[in-house]
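Undergrad: One structure coming up, written as structure tokens, with questions to follow.
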Amino acid sequence: MSLPGRVEWRRIVPFVLLHAACLLVLVVGWSWIAVGVAAGAYFARVFGLTAFYHRYFSHRAFKTSRTVQFLGALLGSSAGQGGPIWWAAHHRHHHRTSDQPEDIHSPVQQGFLWSHLLWFMTREANGTNYRVVKDWLKFPELRFLERHDSLAPTLLAIGMFALGATIGQLWPDSGTSGLQMLVWGSFVSSVALYHATFGINSLAHQFGSRRFATKDDSRNNFWLALVTFGEGWHNNHHYYPASARQGFRWWEIDVSYYLLIVLSWLGLVWDLKPAPAHVLASSVRRPAKEAA
Ligand SMILES: [Zn+2]
Ligand SMILES: [Zn+2]
């Protein structure tokens with residue numbers, strides 16, 4: 001199967017413009033408050049993507065109410081990485097075919113740049129195989145987010161501008177403004193979030209250790225796990241995708257899982273699926289070549 005397909009300008013143009021817009025930091029400068037808000041927007045949306053788009057919508061690793069399900073989808077959608085149904089459909093396909101010729105974003109098959117960002121710039125990638133996500137189609141609110149996947153990122157951008165303008169007015173010493181907050185809280189934080197997420201498709205299939213001899217080339221990578229709230233334990237995850245927890249050892253930091261536990265204490269999520277004890281305790285270490 002030859003994957004590279006027709007160019008989807010509708011995706012490329014805003015993506016490139018958003019990167020270029022980050023250069024506006026040279027014009028608007030920075031302030032502690034704008035950088036802090038940008039970090040907050042980054043981490044909140046990392047959680048939306050990893051806990052909800054990935055562990056919930058793609059793998060059904062825990063249960064929640066319809067309201068929290070929608071709020072999680074909304075938070076994930078504000079990252080500008082497509083709707084939850086599109087995301088889950090492609091991710092389920094990735095697990096079925098990972099690092100095989102049919103995998104739509106494999107660095108092993110198509111190279112780093114393709115797996116990192118070129119793959120979703122094709123018309124083929126922008127379709128959705130609804131047969132693999134039938135479980136979500138019955139929710140009109142999710143289908144709404146799917147049809148209007150640029151709505152949440154746009155509202156976030158407007159909200160950032162309003163926040164910066166308000167803080168700048170009420171607290172002039174803060175050194176911020178509407179434009180500065182828009183650039184940091186929306187543009188810079190979204191671009192950082194893009195590349196952290198994409199790094200799981202590209203870097204976490206190339207760099208790191210392999211505890212489990214999975215059929216793909218997935219890796220466990222501490223640094224990726226830190227910046228993605230636990231997604232860097234990607235070899236663990238490919239070995240046992242149903243688990244709500246991806247860091248299997250106490251030192252495998254998995255912030256999304258810790259936050260999910262807190263949400264479960266509050267009764268907002270429940271039935272967090274565990275990995276079996278023998279999987280958590282597994283110490284099998286095999287070189288990548290042996291598994292390939
Ligand atoms: Zn993977
Ligand atoms: Zn997965």
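Cβ atoms are placed via backbone N, Cα and C, with glycine included.
Where the annotation comes from TrEMBL, it is an automatic prediction and has not been curated.
When I checked TrEMBL for this same protein, it listed these features:
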| type | residues | note |
| --- | --- | --- |
| TRANSMEM | 12-33 | transmembrane segment |
| DOMAIN | 31-252 | domain 'Fatty acid desaturase' |
| TRANSMEM | 39-57 | transmembrane segment |
| TRANSMEM | 151-171 | transmembrane segment |
| TRANSMEM | 183-204 | transmembrane segment |
| TRANSMEM | 255-272 | transmembrane segment |
Undergrad: Does the transmembrane segment (183-204) reach the transmembrane segment (151-171), going by 3 or more CB pairs under 8 Å (6 or more apart in sequence)?
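TA: Yes, these stretches are in contact.
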Undergrad: Sequence-remote contacts (6 or more beyond its ends) of the transmembrane segment (255-272), Cβ cut-off under 8 Å?
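TA: Same-chain contacts beyond the ends: 46-47, 50-51, 55, 61-65, 68, 229-231, 244-247.
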Undergrad: Using Cβ atoms and a strict cutoff of less than 8 Å, what residues sit near the transmembrane segment (39-57) while being 6 or more residues removed from its termini?
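TA: Contacts of the transmembrane segment (39-57) (Cβ under 8 Å, skipping residues fewer than 6 from its ends): 64, 69, 72-79, 81, 84-85, 87-88, 91, 136, 156, 160, 185-186, 189-190, 192-193, 196-197, 227-231, 244, 246, 255-256, 259-260.
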Undergrad: Take every residue in the domain 'Fatty acid desaturase' (31-252), average their pLDDT values, and give the whole-number result.
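TA: Within the domain 'Fatty acid desaturase' (31-252), the model's average pLDDT equals 96.
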